[in-house]
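Per TrEMBL, these features apply:
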DOMAIN    9-260  domain 'YjeF N-terminal'
COMPBIAS  49-64  compositional bias 'Low complexity'
REGION    49-74  region 'Disordered'
BINDING   104-108, 174-180, Y185, D203, A310, G380, H432, D499  (6S)-NADPHX binding site
BINDING   N105, D170, S206  K(+) binding site
DOMAIN    275-552  domain 'YjeF C-terminal'
BINDING   K469, G470, A471, H472, T473, G498  AMP binding site
Amino acid sequence: MYVVTAEEMRRLDRETIERLGIPAVALMENAGRAIAEEIIKLCRSRSGSAGSPRGDAGTEAAGTAGAGGGEGIKPPGFTVSGDNALALGGADAGHWLVLAGKGNNGGDGLAAARYLREAGIAVTLVYAAAPESLAGEAALQRDAAAALGLPAVVYGRDRVDFAACSGIVDALLGTGSAGAPRGAYAELIAAANSSGKPIVSADIPSGLDADTGQAHEPCIHAAVTVCLAFLKRGLLQYPGAGNAGQVVVRSIGIPAALAREGGVPVSLLTPEVLRTRLQVDVSRRRSPEGHKGTYGHVLLAAGSLSMSGAGLLAARAALRAGCGLVTWALPAMLLPHVIGAAPELMLAAAGGENGTWSAGTAAEVLRLSTGRDVTAVGPGLGRFADDQEWLRALWEGIAAPMVIDADALNILADSDYSSWTSRCHPVILTPHPGEMARLAGISTAEVQRDRIGLALAYAREHGVTLVLKGAHTVVATPEGEAYVNITGHPGMGTGGAGDVLTGIIAGLLAQGLNAAQAAAFGVYLHGLAGERAARQRHDPSALIAGDIIEAL
Ligand SMILES: NC(=O)C1=CN([C@@H]2O[C@H](COP(=O)(O)OP(=O)(O)OC[C@H]3O[C@@H](n4cnc5c(N)ncnc54)[C@H](OP(=O)(O)O)[C@@H]3O)[C@@H](O)[C@H]2O)[C@@H](O)CC1
Ligand SMILES: Nc1ncnc2c1ncn2[C@@H]1O[C@H](COP(=O)(O)OP(=O)(O)O)[C@@H](O)[C@H]1O
Ligand SMILES: [K+]
């Protein structure tokens, strides 16, 4: 599933209209119908009649519906069914307010209003601006609604009774919105939010930045957002993702092929995207003849006296991710204490005698990395004298992919690593927002302001695969593509969860996945395992990092 900016969306709209010759109003009709269908679905689920509604009398009259249930197989008969998607199926019809802006987002809402009326739902149009100010397709929708006799009021001139309605369609502002909502728009958004009524937003909640996910003041709090054609970046990024409610992406006649051909760089990380865009074998088939040598060997340089557990978590996660062998290099003093903690691991003393790392251990890590398929560094590493020289020696000397996490990222942030000899093998960086802030030399708040945009830019500029962790982790590649993950949950905000991810990604790299595949699939599996682990406990907040490994 493609994820677009407002600008990309406008380009795809234009191409559909100008190159394919589909009239703009046809797209708007499809949008209106999709919005109405989702509202009807919401009405049905709220009134408990979620089952497929029967259409016209024809279906029942044919006498063939309801085969099964012990009645045996009935012979096929003549059937007719209605447009079930636009039928209330016994749900309370209610009365909806349609808040319409003067742009095309408003036009979508006006088209939806006609379909709602068709389904038997009473609608009142609430214009944010004088109806005469609407233009183009939105004006056409205004006139169609008027010709049909849909009641309409103008905000500021007429009274709007929010208390009496059953729900609100937010068609005030869409991808053409700029800055914080002004005037009547702001007042309508505030009134809709405080009404307590369910709000269904057309395309994006009004007041949301469609690209960054920043919520202006005020911004609609939607129960459902019917996103049109392609998912907008702002709906995936917090806080916007929190304002959107349940997001449904509906097709309106803009072919996905246009996004593909047009090089839209961002996708939602789904099994289908993993299979098709990233060509990952998500079934993780193993050859019947496979042996531990087939599945690769991870070297992990991690752990120190106060953070040995980080190394252990990463090492165990790499094994659970399916690699053949894991060697954990750690400070010599720790080694006797972790023997047996995970009998499947191989241990190698590489650090200083006092349980910490030292610059002089780089030579030993380099030696250990020979013949290993991947080296992961960072979990529980700590900082030490001349650690920049240490990391530089590994960066320049390890002839295999590297995963760099935790304190190794902080070392990198303190280094001018663009001046280091460039590597022939890929690097995956896995920062959380705080580490990302140090790497990019900005504040954490600035990192969170547009995670997708930042990840794309940083990965391209530095030639690395970047895993920007946190809710909706972004994986960005040096080639300028990005994948946004939505597996996982806030219960995974627990010490060591990131170390587990490092191990998973390293384990996948060892099995021959390329950097983008290992990062994306690793992030996806990590979130999925977190979900599964949470289900096994009574509350997601009880999750600890080790549970994620066991759920892999
Ligand atoms: N064929 C198509 O094009 C398709 C379009 N589609 C739909 O159209 C939407 C995009 O429509 P759009 O480009 O007309 O912009 P839209 O979001 O309605 O807002 C523009 C209006 O808002 C106003 N305004 C702006 N900022 C403001 C603020 N802060 N506070 C107050 N007012 C503000 C601005 O007024 P101005 O500032 O220019 O006076 C202008 O009048 C898209 O999200 C989707 O729903 C889809 O159905 C697919 C087919
Ligand atoms: N709200 C959330 N939703 C989904 N995943 C989350 C959420 N909070 C944290 N995570 C995931 O948990 C992991 C935490 O990693 P990190 O902060 O590096 O922890 P640590 O350094 O303790 O190992 C990351 O993979 C992150 O994406
Ligand atoms: K909207």
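A Cβ is built for glycine as well, from the same backbone N, Cα and C atoms used for every other residue.
All annotation found in TrEMBL is predicted automatically rather than curated by experts.
Candidates N104, Y185, G498 (binding-site residues) were compared with S206 (K(+) binding site); those inside 10 Å Cα-Cα are Y185. For the binding site of AMP, formed by K469, G470, A471, H472, T473, G498 according to the record, the largest Cα to Cα distance is 14 Å, rounded to a whole number. Closest by Cα distance to N105 (K(+) binding site), from the binding-site residues Y185, G470, A471, T473, G498, is Y185. Apart from N105, D170, S206, the K(+) site neighbourhood in this chain, defined by C-beta within 8 angstroms of the site C-beta centre, holds L99, G101, G106, G109, A171, L172, L173, G174, S201, A202, D203, I204, P205, I220. If you take the C-beta of G470 (AMP binding site) and look for same-chain residues 6 or more apart in sequence within under 8 angstroms, you find H432, P433, Q448, R451. A Cα-Cα distance of 17 Å separates K469 (AMP binding site) from G380 ((6S)-NADPHX binding site).
Residues N104, Y185, taken from the binding-site residues N104, Y185, A471, are distinguished by a CB atom under 6 angstroms from ligand 1. In the shown protein chains, 21 other C-beta atoms lie within 10 A of the C-beta of H472 (AMP binding site).
Taking only the Cα positions, the spacing between A471 (AMP binding site) and A178 ((6S)-NADPHX binding site) is 26 angstrom. Here G107 ((6S)-NADPHX binding site) is compared against the binding-site residues D170, T473, G498, and the shortest C-alpha distance is to D170.
The AMP site is defined by K469, G470, A471, H472, T473, G498, and by the 8 Å test on Cβ atoms against their centroid, the other residues of the chain that qualify are H432, P433, L468, V474, N485, G488. Across the structure, H472 (AMP binding site) and T175 ((6S)-NADPHX binding site) are spaced 22 Å apart at their Cα atoms.
Ligand 2 lies under 6 Å from the Cβ of the following binding-site residues, listed in sequence order from D170, S206, A471, H472, T473, G498: A471, T473, G498. Residues from the binding-site residues list (N105, D170, T175, S206, G380, T473) with a C-beta closer than 6 Å to any atom of ligand 3: N105, D170, S206. According to DSSP, N105 (K(+) binding site) is assigned to a helical segment.
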